[in-house]
Structure formats: C-alpha cells, structure tokens
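Visitor: Got a structure for you, written out below as structure tokens; questions coming shortly.
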Amino acid sequence: MSAYHPLNEAEAIEIARTLPGLFSPGAELTSREIGDGNLNLVFHIKDASASRSIIMKQALPYAKVVGESWPLTLDRARIESEALLLEGTLCPGLVPHVHLYDPEMSLIVMEDLSDHVIMRKGLIEGNRYPLFADHISTFLANTLFFTSDLGMNQQEKKEQVKRFINPELCKITEDLIFDDPYRDADTNNFAESIRDEAEMLWHDGELHLEIALLRHKFLTHAQALLHGDLHTGSVFIREDSTKVIDPEFAYYGPMGFDIGAVIANLLLNYAGQEGWTRDEAERVAYRAYLLETVREVWNGFETKFRKLWDDQIQDRMSEASTAFQDVYVKSVLQDAIGFAGAKMIRRIVGLAHVADIDTLTDDATRERAQRLALAVGKALVKLNRRAVTIDEVIEIAEQQSSFVKA
Ligand SMILES: Nc1ncnc2c1ncn2[C@@H]1O[C@H](COP(=O)(O)OP(=O)(O)O)[C@@H](O)[C@H]1O
Ligand SMILES: CSC[C@H]1O[C@H](OP(=O)(O)O)[C@H](O)[C@@H]1O
C-alpha cells in the first residue's frame, strides 16, 4: 500500500529531519504551510538558530482551489522536479535548487527563496526590477532553444517529449484558457457588472476562430519544453535576482505560450494600475515601465534566441536556410501575442483570476481594469496572425487605456 497522504505541519518537520545534510540532529525546527497557489501544499521549514530553511512542496491528489471533486494526478510533482532540474542546467541561477524529489510522497524539497518576493506582489506594490527582462529572456531563450529540434538531438528530443507528457495539467489549460471563457461554462467566474463583456466573448466569431487556432497549436505543436504556467506568481524576484518556480504544467508545446504568459501578466498589472498608483503622473510612469519591460522581454528573447541559432544549431536544414530563422522567429512572436491575449481574457472571466485586478477594492475601478484587460486581450488575439513587431502590443495597450478612462 502506498504511504502517500497529505502532510500536516508536524509531519513535514519529521520528514525534514530525515533529509541528509540539511539540518543538524536535534535542531529546533518550525513548520508553516504557506501555499497560496491553486493546487499544492507548500511547507516552510526553518531552523531559526542556524539560519537554515527549506521549502517542501507536496502535490495533492486533487486541485486545491476546487477540492476533492477535481481529482488531479500526483505525477505533476515528478514533472515539476524534472523540469526544475533541467531548467537549472540550462539556466544556472534562474530556478531554485532541488534538494530532493520523493516520488512516494509526491514531494519536492527545494531551496527556500523567502529572501525574494513573488513578482505579482512586487508589481502591485509598484516596485521595479531592472534585471527582470534580461533574466527572463535568458530563461526563455535557453529553455526553449535547447529543448527544441533546433538545439538538441532530434531522437533524444522525442524521448524527452515522452517524459513530459502531461495530459491532466494540459487539459486544465485547454479548458480554462481555450474553451470555457468562450461559452457559458460553469467554471467561469466573473462579476455581474461585466456580464455584457462575457456574453460578447461567447458570440464573437472572429475571436472564436483565433482561439480555435491557438488552442489547436497548444494541442499539437510540440516545439519545445514549456514551463507551461509562466505568470508573475511563478516568478520570485529581487532587484538583483530572478527565480522561476512552479513548472508543474511543463509539457512540449508552442514556444509562444511561455513568452505570451510573461507579456500577459505584465499587461494585467498594467490594466490594474488605476487602482494601484496614487495619481496620473505615477500611473503614466509605471505603465511606461511595464510596457518597456514587455518590449525588452521580447527583444531580449529574440536577440538571444537568434544568437543560439547562429552559434549552436543542431539541425542542418535550419542552418542551411537563413530565411527560415526569420520565418520561425516571426511565428513565435505572433504566437506569443495570441497566447498573451488569451491568457488575459481567461484571468478576467475564467476560473482563476489575478490579484493585480481582483484585489482592487473600489468596484468601479476594478470594473474598469477588467474591461481594459479584456479589450487589450481581445485586440491581441485578433492581431496575432498579422503582427510584425512587439511595438504593436505596446500600441494596443496604450490605445485601449486611452479609451477606458476613469
Ligand atoms: N522555493 C520557494 N521558496 C519560498 N517560497 C515558496 C517557494 N516555492 C513556493 N513558495 C511559496 O508557496 C506559494 C505557492 O507555490 P507554487 O509553487 O506557486 O504553488 P502552486 O503550484 O500551488 O501554485 C508561492 O506563492 C510562495 O509563496
Ligand atoms: C484549477 S488550476 C487553475 C490555474 O491555477 C494554476 O496556477 P497556479 O497554481 O500557479 O496559481 C494554473 O494557472 C491554472 O490554470
């Protein structure tokens, strides 16, 4: 019989004591469950006297946000630990160190990053992170290039695709991002004040075509190993350091999905800024910072990805045609823009929202932020296959925010 069961705080301490090389015997350990995500338990285990601490993340056999009625594979803990290890070799310093993965308890023991803050929180507080665009574009370029047919042996890639088949977590994305927001689904979650917007989503044929194409790409395009859920709640940050966490949605999919996730979450924060900034001047400046970050993320990715292609390509035909690189990069940009739009829309009308908008306390401000996020999201989805530069994303955000005025 399996020993698996969800841990309590005391049991987490007992397990921590058995881990080699982490705490001294007899150390006085404290344990606190700090999970604020939708799916898992996260224990913070600390030996205050020795200034030592670890994180123990345990998968539950169901989605925590809904409860036991939504069963969910424990295999996601394996996928998350294997993805973290691989990302750690491709991007040293940009993910937490994994001390141990225990398959029996579906448990990952990892580096404690409590000296960083979750980026979503940092952005809500109005902080700026000068190195973020450089760090995240390195993460994107390295993970996406070196796990694709461009950057690795193509037979080994197929073996890697097998290891990262992740059907249950992919289904969450397929439903919550690429289906439910476009019909009157039970999982949808939106305020009555924006029902008109939700109903427009259900009847917009142009949007449905683009979402169907993006969904099809998500289902079929095994281009690279994705993080799979790269929102600002999956990034721990300081001014001088960036760490990507929580790759349990990792699977082989279209590169633009991860890049789009970063862009979408910067733009969701942009949409909430009327509520977070004190006055117009501060809002204009912070929004400009967010848009400049969007631009730098894409430009950094493109430059680094092209350099990896030029220097380290593994595929003879991709090397033989210089025009192929341009076509490839353009299609990644277009995908990123489409996926960014879809990810913005789902965070307003779908099951899982973002604090950048949901925690705005004034009803009218929150509603304007929701309408702005939807307007930008829809425009990005409708633009995606025609897009040529990242500047078009910036223009859409600026234009839509000038329409939705306080
Ligand atoms: N390595 C870590 N160091 C410190 N805190 C962490 C770490 N990993 C997760 N956490 C905390 O736990 C929360 C939930 O973690 P996350 O991996 O996002 O869980 P979920 O998969 O349930 O979304 C994070 O928002 C953060 O507060
Ligand atoms: C039922 S899972 C909903 C949602 O939660 C995941 O995010 P996280 O756990 O990192 O907050 C993911 O985005 C899923 O789509």
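Glycine is no exception: its Cβ is also placed from the backbone N, Cα and C atoms.
According to TrEMBL, the protein carries these features:
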BINDING   Asn40, Lys57, Glu111, Asp112, Leu113, Asp246, Pro247, Glu248  ATP binding site
DOMAIN    170-274  domain 'Aminoglycoside phosphotransferase'
BINDING   Asp229, Arg346  substrate binding site
Visitor: Please work out the number of neighbouring Cβ atoms within 10 Å of the Cβ of Pro247 (ATP binding site), leaving out its own Cβ.
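Guide: For Pro247 (ATP binding site), the 10 Å Cβ neighbour count is 27.
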Visitor: Limited to the domain 'Aminoglycoside phosphotransferase' (170-274), I'd like the whole-number average of pLDDT.
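Guide: PLDDT averaged over the stretch: 98.
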Visitor: Measuring Cα to Cα, how many angstrom lie between Lys57 (ATP binding site) and Asp229 (substrate binding site)?
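Guide: Roughly 17 Å, rounded to the nearest whole number.
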Visitor: Taking Cα-Cα distance, which of the binding-site residues Asn40, Glu111, Asp112, Leu113 are within 10 Å of Asp229 (substrate binding site)?
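Guide: Of Asn40, Glu111, Asp112, Leu113, within range: none.
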Visitor: Can you list which of the binding-site residues Leu113, Asp229, Pro247, Arg346 have their Cβ under 6 Å from some atom of ligand 1?
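Guide: The qualifying binding-site residues are Leu113.
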Visitor: Between the Cα atoms of Glu111 (ATP binding site) and Arg346 (substrate binding site), what distance do you get, rounded to the nearest Å?
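Guide: Here the two Cα atoms are 31 Å apart.
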Visitor: Is it possible to list how many residues within the domain 'Aminoglycoside phosphotransferase' (170-274) are helical, extended or coil according to DSSP?
Guide: 61 helix, 14 strand, 30 coil
